[in-house]
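Trainee: Sending over a structure as structure tokens; questions will come in a sec.
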Amino acid sequence: MKNSQLYILCFGTTLTSIKNEYLKCKTLSDFEELAKKSMMPHRFYYYDYKAGQGHTYQACRHYFDKQLRIMPRVLIDVSEISLKTTIFGLIYESPILIATSACHCLAQVDGEVATARAATETQCIFTYNWTFSNMPEEYVLQTLADKKGYRAIVITCDQPHERIRDFVLPLFEEASKNIDPELMKNMSIPNLNIPGIIVKQHFGTGSVTWANIEWIRKLTQLSIICKGILSPIHAELAIKYGANGIIVSNHDGRLIDTAPPAIECLEDVVNAVDGRAEVFVDTGIRSRTDVLKTLALGARAVLIGRPILYGLACGGQDSVRRVLDILKRELVYDMACCGLTSIDQINKDILYKH
């Protein structure tokens with residue numbers, strides 16, 4: 001997948017990780033803690049950044065942990081469990097996707113290439129940030145399992161300003177003078193420098209509207225996914241202007257504080273869409289039970305963002321693969337506890353009702 005618009009300036013180069021320490025990580029929180037130890041503070045801050053006081057992110061975690069509880073089911077044959085699912089009519093090995101994100105090279109020198117290789121090894125979908133990637137498109141395509149091309153376009157709809165860049169760029173400029181001289185060296189965004197590129201002409205900060213979605217719809221037969229939808233009204237508009245999919249997301253709490261958790265908005269969006277588009281979700285997903293709960297509320301699949309970047313910082317491609325393997329393996333365990341043998345069996349019946 002490729003992302004047509006993401007307003008974050010991309011920086012990057014390598015960081016020295018704590019060799020093989022990632023093998024001790026058992027949870028996604030372990031990867032985050034190890035990344036914090038192994039990354040330079042200004043680089044980790046870019047990944048960890050949360051708007052305001054971080055209430056949006058914390059509300060998301062509270063909703064997952066306190067509002068949604070799983071009701072196990074017993075004495076059901078779960079000797080064979082499959083994670084296979086369908087997305088836009090095609091069969092994939094897992095409902096766990098790698099979310100669109102910028103600046104992979106802040107974590108590890110191979111950046112998006114290492115992430116894409118890990119995705120290929122674990123048979124997970126990788127959403128490539130085409131606009132603000134350090135890696136040229138053709139270089140990343142060499143690492144993907146399917147070299148025929150992209151299957152969908154993800155359009156970031158919820159970032160009308162450059163707030164994150166404005167907060168982080170001064171820190172980067174200062175750090176590059178003394179403690180991190182390699183930081184600014186790889187700031188190029190090669191895909192935007194392609195002669196005749198049309199993205200610059202149609203997307204600018206604060207100027208993206210539904211008309212842009214309609215314009216893209218006329219240009220391609222690929223599925224279009226609108227990322228950053230929380231409101232059922234906006235879900236309706238996305239479908240009206242040509243979207244085939246919707247990612248319920250609040251940008252992992254990075255844009256506006258005190259916004260509602262994406263997971264809390266998910267069911268309303270699913271009900272409003274009513275099968276006319278496929279619904280995905282990201283933001284705050286940090287465990288296998290989080291994945292199970294989002295699927296139970298109607299998501300077609302989930303997207304994992306920051307944990308992938310933390311994994312990349314801990315040990316490159318191998319560590320990203322471990323993050324994904326842990327999520328997949330633990331999801332199988334949790335499905336077994338709920339008496340589920342396939343993804344299409346997951347529904348609200350597994351959630352505890354007061």
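Cβ atoms here come from the backbone N, Cα and C positions, even for glycine.
These came from TrEMBL, pasted as-is:
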type	residues	note
ACT_SITE	His251	active site, proton acceptor
BINDING	Tyr46, Arg165, His251, Arg254	glyoxylate binding site
BINDING	Thr156, Lys227, Ser249, Asp282, Thr283, Gly284, Ile285, Arg286, Gly305, Arg306	FMN binding site
DOMAIN	20-354	domain 'FMN hydroxy acid dehydrogenase'
Trainee: Give me the CA-CA distance between His251 (active site, proton acceptor) and Thr283 (FMN binding site), in Å, as a whole number.
Mentor: 6
Trainee: Looking only at the domain 'FMN hydroxy acid dehydrogenase' (20-354), what is the model's average confidence as pLDDT?
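Mentor: In the predicted model, the domain 'FMN hydroxy acid dehydrogenase' (20-354) has a mean pLDDT of 88.
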Trainee: Going by Cα-Cα distance, pick out whichever of the binding-site residues Thr156, Thr283, Ile285, Gly305 is nearest to Arg254 (glyoxylate binding site).
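Mentor: Closest by Cα distance to Arg254 (glyoxylate binding site) among the binding-site residues Thr156, Thr283, Ile285, Gly305: Thr283.
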Trainee: Could you state, as a whole number of Å, the largest distance between Cα atoms of any two of Thr156, Lys227, Ser249, Asp282, Thr283, Gly284, Ile285, Arg286, Gly305, Arg306, the listed FMN binders?
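Mentor: The span, Cα to Cα at its widest, is 22 Å.
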Trainee: Using the alpha carbons only, what distance in Å do you get between Arg165 (glyoxylate binding site) and Thr156 (FMN binding site) once rounded?
Mentor: 16
Trainee: For the binding-site residues Arg165, Arg254, which one has the sparsest Cβ surroundings, going by other Cβ atoms within 10 Å?
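Mentor: Lowest Cβ count within 10 Å among the binding-site residues (Arg165, Arg254) is Arg165.
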Trainee: Pick the one among the binding-site residues Thr156, Ser249, Thr283 whose Cβ has the fewest other Cβ atoms within 10 Å in this structure.
Mentor: Thr156
Trainee: Quick one: give me the count of other CB atoms within 10 A of the CB of Tyr46 (glyoxylate binding site).
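Mentor: Excluding its own Cβ, the number within 10 Å is 23.
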